[in-house]
Amino acid sequence: MADGITVVAGIPIPSTSPAFLVGVAFHVVVGIACIVVGVLAMLSTKGRGRHSSFGTTYYWCLLAVFLSASVLAAVRWTEDYHLFILGVLSFGAASGGRLALRRRWWKSVYLHVIEMGSSYVLVLTAFYVHNGKNLPVWQELPETAFWKS
């Protein structure tokens, strides 16, 4: 990996390696899809139909985000290990939420809501931790608002 920095949409990416940048591009695309589909699942009528379809799509997009984040974190482990941890927690929560309904666990609907909601919050947290300091409006926040890594 080169020591250079590539800036895309005002966000510095700590590499000039084409392979790393392709990995980041894939991660961003599936991450945006995950966030959008997650909102659609939350806002749709619960039960079979749209909610289930959006939820399944969210789960598989989250798997792609988790796998790509794992590879990207492995390349820069000392800088990004905390993002790997957030990815494990997020995908683990989504898997638990999905299994709760599929296996009809005790209080499965409650477990599903808590686990899937936690998964979504963790995805947004990982985004904020990694990119918050580079986003235009958030740059006006005091330094104490950002997680130091």
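Using the three backbone atoms N, Cα and C, a Cβ is placed for every residue, glycine included.
Per TrEMBL, transmembrane segment is recorded for 20-45 (among others). Long-range contacts of the transmembrane segment (20-45) within its own chain (CB-CB distance under 8 A, at least 6 residues past either end) are made by residues 1, 6, 8, 13, 51, 54-55, 57-58, 61-62, 64-65, 68-69, 71-72, 75, 116, 120, 123-124, 127.
Residues annotated as transmembrane segment in TrEMBL: 57-75 (among others). With a cut-off of 8 Å between Cβ atoms, the residues of this chain six or more beyond the transmembrane segment (57-75) that come close are 1, 20, 23-24, 26-27, 30-31, 33-34, 37-38, 41, 81, 83-84, 87-88, 90-91, 94-95, 98, 116, 119, 123, 126.
The transmembrane segment feature in TrEMBL is assigned to 81-101 (among others).
According to TrEMBL, the transmembrane segment annotation covers 108-129 (among others).
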In the same chain, which residue numbers or ranges, 6 or more beyond the ends of the transmembrane segment (108-129), come under 8 angstroms Cβ to Cβ?
31, 34-35, 38, 41-42, 55, 58, 62, 65, 69, 82-83, 86-87, 89-91, 93-94, 96-98, 100-101, 147, 149
